[in-house]
Amino acid sequence: MSPTRVLVLNSGSSSVKYQLLDMSDGSRLAVGLVERIGEETSRLKHTPQGGEAREWSGAVPDHEAALKAVAAELAKDGRGLDSPDLAAIGHRVVHGGKHFTEPTVIDDAVLAEIERLIPVAPLHNPANLTGIRTAQALRPDLPQVAVFDTAFHTTMPESAARYAIDVETADAHRIRRYGFHGTSHAYVSRATAKLLGKAPEDVNVIVLHLGNGASASAVRGGRCVDTSMGLTPLEGLVMGTRSGDMDPAVIFHLMRVGGMSADEIDTLLNNRSGLIGLCGDNDMREIRRRIDEGDERARLAFDIYIHRLKKYIGAYCAVLGRVDAVAFTAGVGENSAPVREAAVAGLEGLGLAVDGELNAVRGDEARLISPAGARVAVAVVPTDEEMEIATQTYALVGKDGMGSEGD
Ligand code: AMP
């Protein structure tokens, strides 16, 4: 029997999220998270399939220790990293630049390229690299696959991917629009086509990935033609803590007139802007609660968030020409009926509408929320980045690939 399990690792700067999936039936054998790595109060939560969650708190000094702790938890379930059933480890890698258009089996050259991209992803790629190196040290014989957040967006035409700045300067510094959340946009655009009973090649979809980070994409026939994030995940929509689009001259102004350094402005725009900068909260549940109590700042933050979202929906209707569906996904998109309602309100002229009752229904399944017979389907489509990473990883190394040696 070929091994059929894939461990998916998503290594952030201070956390490791993981899932162990069995690709023979798509079941999730374990789901877990190590957070606050490097602090005294690190926390691990591990939930085996059909079992009680196990939680543990203490000092996890680094990613190596975190991964060893994960391996120990998996071993308690009889599914340790040394298991012969493990086919591969799939790693989420945030920045794959222009050239990684597909999931890629990791070797030294791939590691070197991910490292070379650190200047354009200073927060994410170093953590991803640490996760890969640690996993390689624990299982040097096992195929490890990088699945890039940017890959789905590499089909964007140059007209969408290039900034209108001097070409030589842009190329010298690899400045272009890469886009992020690609694994989610890929999964959700395909799942939306399935919900409509059509092949991905036959539908045009606007995907709105609204989590703490947020991005929109225009997907024509299964291929991304535009997305709202750019060189970094700062461009585009208003997010939990990031500003999204603004006049770049704001930065010069803050430097020249506000006396701020580049690093201070980076922190301001990435960590202290967006919803949290506007009203002090970045959780949409809390913002809605405050609005219900008559809080004006929360109301304005919500209105600014929605205004930007609407502009992108309109823009991507123009980019696509014909739109078959708009899909809401991620924490806010899947759970916030008021955001979905407000984002689509007044867009009847574009064929978009939401049915109040359908929109209010909660659930884990992909579902339509537009009225029967609507010209454009509006849908809630839960994202599943881990399943997508596992699927792509297994397709590369699974049954007919390098994982089946000796079979
Ligand atoms: P994500 O980054 O996809 O995990 O999304 C996280 C965000 O989703 C949180 O910051 C909240 O703003 C939002 N969220 C999660 N659950 C809900 C909910 N039930 N209602 C509204 N917003 C939610």
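The backbone N, Cα and C atoms fix where each Cβ goes, and this holds for glycine too.
As annotated by TrEMBL, active site, proton donor/acceptor applies to ASP149. For ASN10, GLU385, the entry in TrEMBL reads Mg(2+) binding site. Per TrEMBL, ATP binding site is recorded for LYS17, HIS209, LEU210, GLY211, ASN212, GLY213, ASP283, MET284, ARG285, GLY331, VAL332, GLY333, GLU334, ASN335. What TrEMBL lists as substrate binding site is ARG92. The site 'Transition state stabilizer' annotation in TrEMBL covers HIS181, ARG242.
Annotated features taken from TrEMBL, shown on the structure.
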residue	record	Cβ contacts under 8 Å, 6 or more apart
ASN10	Mg(2+) binding site	VAL16, LYS17, TYR18, HIS91, ARG92, GLY131, GLU385, GLU386, ILE389
ASP149	active site, proton donor/acceptor	ARG92, VAL93, VAL94, HIS95, GLY96, PHE180, HIS181, GLY182, THR183
ASN212	ATP binding site	MET239, GLY240, THR241, ASN282, GLY331
ASP283	ATP binding site	GLY240
ARG285	ATP binding site	ASN335, SER336
VAL332	ATP binding site	LEU210, GLY211, ALA214, MET284, VAL339
GLU334	ATP binding site	PHE328, VAL380, PRO382, THR383
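Secondary structure at HIS181 (site 'Transition state stabilizer'), taken from DSSP and collapsed to helix, strand or coil, is coil.
Among the recorded positions ASN10, LYS17, HIS181, ARG242, VAL332, GLU385, the residues whose Cβ sits under 6 Å from any atom of ligand 1 are VAL332.
Of all the recorded positions listed (LYS17, ARG92, HIS181, ARG242), HIS181 sits in the most crowded Cβ setting, with the most other Cβ atoms within 10 Å. When the record's ATP-binding residues LYS17, HIS209, LEU210, GLY211, ASN212, GLY213, ASP283, MET284, ARG285, GLY331, VAL332, GLY333, GLU334, ASN335 are compared pairwise by CA position, the greatest distance found is 23 Å. The DSSP secondary structure for LYS17 (ATP binding site) is strand.
DSSP assigns ASN212 (ATP binding site) to coil in the three-state reduction, outside any helix or strand. Within the set of binding-site residues (LEU210, GLU385), the lowest number of other Cβ atoms found within 10 Å of a Cβ is recorded at GLU385.
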